[in-house]
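Asker: For reference, the structure I am asking about is given below.
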Amino acid sequence: MVAVTRSMPTGLRFAAEPDIMPIYEAEALARALAAFTPTDEAESLLAKTAEEARAGQDFTDALGIYDLRIWDPRLNWNTLSPANRLRVPIGKALDGRLVHLDIKEGAEDGFGPHGSMVGQTGSGKSEHLISTVLALCATHSPEQLRILLGDFKGESAFGPLEDLPHCDGIISNLQKSQHKLDRFKLVLRGELKRRQELLNRTGFASVRLYEKARASGRTDLEPLPALLLVLDEFSQMLDLVPEMAKVMDEVARLGRSLWIHILNASQRMEVGKMAGMIAQQTFAIGLKVKDAGESRAAIGSTRAWEELKTAPQGSAFLVVDGEHTRYRSFYASGQFIAPKMNATERDRSEGHYLPVTKFSTTVAPLPDIVAGDSNIDLDEDALDTSPDEDAPTVAELMVDRLREAARTLPRGHRMWRPALDDTTTLTLDVILGEYWDRPWDEFSEDSGLVAVYGREDDPFEHSQDVVALSLIDSNGGVAGAPQAGKTTALRTLIMSLAMTNSPQRVQFYGIDFGGLKLQSVAGLPHVCGIAGAGDEEKIQRVVAEVERILRNRKRDWTRWVDPDSSDGQPTGLDLSRFRANKFGPLRRPVPEDGHGDVFLVVDNITAIRNELPLIHDRINALSDGALNFGVHVIVSNDSWLGMKAEPKLSSKLELRMANHNESLMDRPTAKNVPEDQKGRGVVKPGKHMLVAVPFVAQVAHVGGEVAATEATATVVAEKWAQRGFGPAPKLQQLPGEVAFTDLDPLPDTAPRHALPIGIGERDMSTAWLDLALYPHAFCTGTTKAGRTVFLRTVCAAIMERYRPDEVQVMMFDPDFSIGDALADEYRTVWETDHSRIGEAATQIAALLERRRPPANLDPRQLRDWKPVRPKWFILIDDLTMLSPNGPSTTVLQPLLPAVEAAARLDLHVIASVTSEGWYARGGSNKLIQAMQRGGTSVLVLDGDKKEVIIDQVRPAARIPGRGELYLRKSGGQLVQVALPPALD
């Protein structure tokens, strides 16, 4: 007997060569081997491995699978007959016969659609379920059968089945997330509704008739596969949520005609809780149980208790119509061992088979596979008898083959989506690509201000859609408990808009009181500036800049003249025309301010209300009337109730609330938002939601959310630059110093009696004192804050704005600090001594009385009485020094009546006063009180924040000359006082 092999490049060799060993050598070998005795553990392990191998082979043999490695499930799927639909082998009887489970309706000669499986711990229940599910999947395609697995004890028994193409999902570990059971109820009821609506829409009474029509050629019908619910530890689910029994009863009752099948498995049969389900069950499987009572409840007899006490794992009774069939279930979790093959089978499977050829005089060449691979040595006696250490289990290999076979099949309807709890990180690129149906980095220049931010979960509709806020005509709000993810949500909104709108289309200004993480988006070309907590000056600057944009648009849009207008009269400009003209396909002129839609983003509005109440009020004012001019506000807070602007925030994003009763979306749902997952929240009408992180997957490895966000901002900036878009205008800040001679000239719109004093943040231009509205002014601050510089600058402004014959300046200068700041021709009085200052005050007060209108004027004459006379300025440095006996007394007491009536007397008092101990020394000063009654501008320089100067305006840590110029009618702005020029 000869054989042709690849190991013989030429000629033939004997197929078998016997080993030859002398008797004495064989005896010596046997004695040497006798010292090695297998241990009990080794024998047990070998026996278990062999048993599992045989069990795995029995399972695949029962399904007609010879070798899983080369098995093609499509052969089984395509040859499934109606009789074998939902009929699979589940084990072997004691006599070796296959035992089948048939879950078709009785009308189709099946056992019925619903059944139970009961077995105590260690009985093999979970393994039985695994092999049963695998058998069904091996014989049914995903278009014929879908499976939803429930593991309610949280041990992930169904883990090996997770990747099955038939598997809609695994519901597990519900003890830690009981709200998932509510989700499970919605999923089941949603599936009932979906199937009923599909049948009603297509005019079929049952799924059986529907699928029959589809099989006969109705290509317009989508597949409606049978659905099998396999629920392990069903009794524990009822312990967690007893009302689930009613839900399952409903599913079982309505599911018959809808091809919904239930196999519930438990350690015990809950007869009371499962009464409705038991009435629907037509078969039962009983494995080893704890006592006779549980056996009777499970299968209607005590046999599962009496006969399976000492039986091996997997032993069970199948009970249908009172008939008991004992069997042992298949085992699919053992390691796969390749089946043994005889030489002929191996030659055929490995390609070394020589077919019979016709005998003739011509030469018959060797097959290519033999002739061309002659250097490979093959030991024909080597056969697989044990698994490799890393060999897969039968179940794993089977799942791999099933998944590969289903790769080309359409996914079909997905009933169960992974719960949001199981989502580790939802990156922004994923939801952007899904929402816009394009790669995330294919930027749009104008997306209509739609900010994609997360994913909602709708278990009833079996969907998890991407959610977004439309900010085209609205402000935005984010609310949530501390550490719920508010700052992350704000950054996600910013990043989303930046990826879908050009830096010319949208711009962002930010105030960061939420931990300084908002700064991580500062690298976006859309971001003009972000001010952090503690930087009060920059915070005021941010608000002032947004106010400036709004103020200019109100003015310019009102005056706008359409270029096509025939009469050249102002036609006005509204927001829609502004957007169309500036960003639409047909570009037209607009009043240009370097901005598109502007967003002021404020993180933690309550902290701002507590620390900077005036800034808080200005932000609220912006949220009220700025939308018509393309200025939006987005704020975050711990609660909706603490937000004054809440009614004006029409686009809301709600995270987990500290008190679910404060939810504006849905209170019952808000109660179940998990606390251990940031970004979780609720959307209307009562759906759970997860906010995406503000970075893309390609930089997720960078390290930490902040670093990944910064890296994403850099990538976004580079991509916009590659498309030719430059950055938005950056926030300008006040200079540390400015010379009086470098100030811009006052605009033509400035009032006649305006005194330029420095640069103001409101327009980043010259700021002035309006003496017509506020006749007086005082500045307050600590030592070296710049109070004297302010007075010397006022002197320079007086000389610039008035001729010597138009003003008379009186100086009270006990500190000898301002006398040389004014030219002699302007100075009428200069006193430094307390007593002489008091005398001068008395004389000036008497002269001021003469400036009052004559007593005999009638009302019309009094109205028109405007004498032409020089203005009188009284400059005081320092007012505190002129109240040596306390603020209730002052050497300037005679001037108080005239100071209160200053507007009618052409009198202006401009003074400096220390801010230290303001309540006792400054606020109680009689002259300060008179100035406030007469109308005064207030400049608050460096000082202690605990002091309240006027209307909640407080000092702050500031550089010399920097202060808040406050006017009661128009609010405040930061200014940098100009340095006065030296007199020649």
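Cβ from N, Cα, C; glycine included.
OK, TrEMBL features for this one:
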BINDING   119-126, 480-487  ATP binding site
DOMAIN    96-296  domain 'FtsK'
DOMAIN    457-668  domain 'FtsK'
Asker: Inside 10 Å of the Cβ of Thr121 (ATP binding site), count up the other Cβ atoms and send me the figure.
Answerer: 10
Asker: Let me make sure I understand the structure: which of the binding-site residues listed (Gly119, Gly480, Pro482) has the fewest other Cβ atoms within 10 A of its Cβ?
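Answerer: Taking Gly119, Gly480, Pro482 as the binding-site residues, the minimal 10 Å Cβ count falls on Pro482.
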Asker: Please report the number of other Cβ atoms within 10 Å of the Cβ of Lys125 (ATP binding site).
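Answerer: Excluding its own Cβ, Lys125 (ATP binding site) sees 26 Cβ atoms within 10 Å.
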Asker: Who sits close to Ala484 (ATP binding site): which same-chain residues at least 6 apart have their Cβ under 8 Å from its Cβ?
Answerer: Leu655, Arg656, Met657, Lys678, Gly679, Arg680, Gly681
Asker: When you measure from the Cβ of Lys486 (ATP binding site), how many other Cβ atoms are you left with inside 10 Å?
Answerer: 27
Asker: Which state, by DSSP, holds Lys486 (ATP binding site): helix, strand or coil?
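Answerer: Going by the DSSP assignment, Lys486 (ATP binding site) falls within a helical segment, counted as helix.
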Asker: Test of understanding: give the count of other CB atoms lying within 10 angstroms of the CB of Ser123 (ATP binding site).
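Answerer: Taking all protein chains shown, Ser123 (ATP binding site) has 25 Cβ neighbours within 10 Å.
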Asker: Mean pLDDT across the domain 'FtsK' (96-296), rounded to an integer, is what?
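Answerer: The answer is 89, the mean pLDDT of the model over that range.
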Asker: Can you tell me whether DSSP puts Gly480 (ATP binding site) in helix, strand or coil?
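Answerer: The residue in question, Gly480 (ATP binding site), is coil (DSSP, three-state).
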